[in-house]
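Novice: Got a structure here, written out as structure tokens. Questions coming.
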Amino acid sequence: APLPVTTWNPPFSATVVSDLTCQDCGRSFKQRFDLRQHRYVHTREKPYACTLCEKSFRHPSNLHIHLRTHSGERPYQCPECGKAFSQSCNLRTHCKIHTGNKPYKCFVCGKSFCHSSNLTIHQRVHTGERPYPCSVCSKRFSDRSTLVQHERTHTGERPYACAVCGQRFSQISHLMK
């Protein structure tokens, strides 16, 4: 009678595990690409550079999303009101305004917000806090996005280009007109 056939599967090799484990923090990854991308967190390297402006990114998908700021592409549209967004997470955040649920309430004036970050920015109206200074003229702003828009008055940066005529704008709202 023939002998039964058996196969031997060695246990998962420790060298394979350490091969996909970050030597700095011990986090493990399933794919070599993911480990390589993660390493940029520790090295602070940002190898994916935008050819239209000076921004660079750690991950190629972040560069891809960033390029939409130059093209004006907004592929994610709200089914409720039609407002469009360049990122799906921004659409999800936006959709909360249609539910009417505004759990974040200002203790000073009673105004309510659907996002805690909007409440934080709003409260600076009452406190006068302006934590974002312009590096050129020292003017201060209550939120980072307003600072970024202001700084473009100094740099002349116009990152938003019309796909039809090529005219460039410093604010995306001007591109949409």
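From the backbone N, Cα and C atoms, a Cβ is placed for every residue, glycine too.
Bear in mind that TrEMBL entries carry predicted annotations, made automatically and left uncurated.
Heads up, here are the entries from TrEMBL:
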type: DOMAIN; residues: 20-47; note: domain 'C2H2-type'
type: DOMAIN; residues: 48-75; note: domain 'C2H2-type'
type: DOMAIN; residues: 76-103; note: domain 'C2H2-type'
type: DOMAIN; residues: 104-131; note: domain 'C2H2-type'
type: DOMAIN; residues: 132-159; note: domain 'C2H2-type'
type: DOMAIN; residues: 160-177; note: domain 'C2H2-type'
Novice: Please list, for the domain 'C2H2-type' (132-159), how many residues fall into helix, strand and coil according to DSSP.
Specialist: 12 helix, 4 strand, 12 coil
Novice: Would you mind splitting the domain 'C2H2-type' (48-75) into helix, strand and coil residue counts from DSSP?
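Specialist: Across the domain 'C2H2-type' (48-75), DSSP assigns the residues as follows: 12 helix, 4 strand, 12 coil.
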Novice: Can you break down the domain 'C2H2-type' (160-177) into helix, strand and coil residue counts using DSSP?
Specialist: 4 helix, 4 strand, 10 coil
Novice: Tell me, what is the mean pLDDT of the domain 'C2H2-type' (104-131)?
Specialist: 93
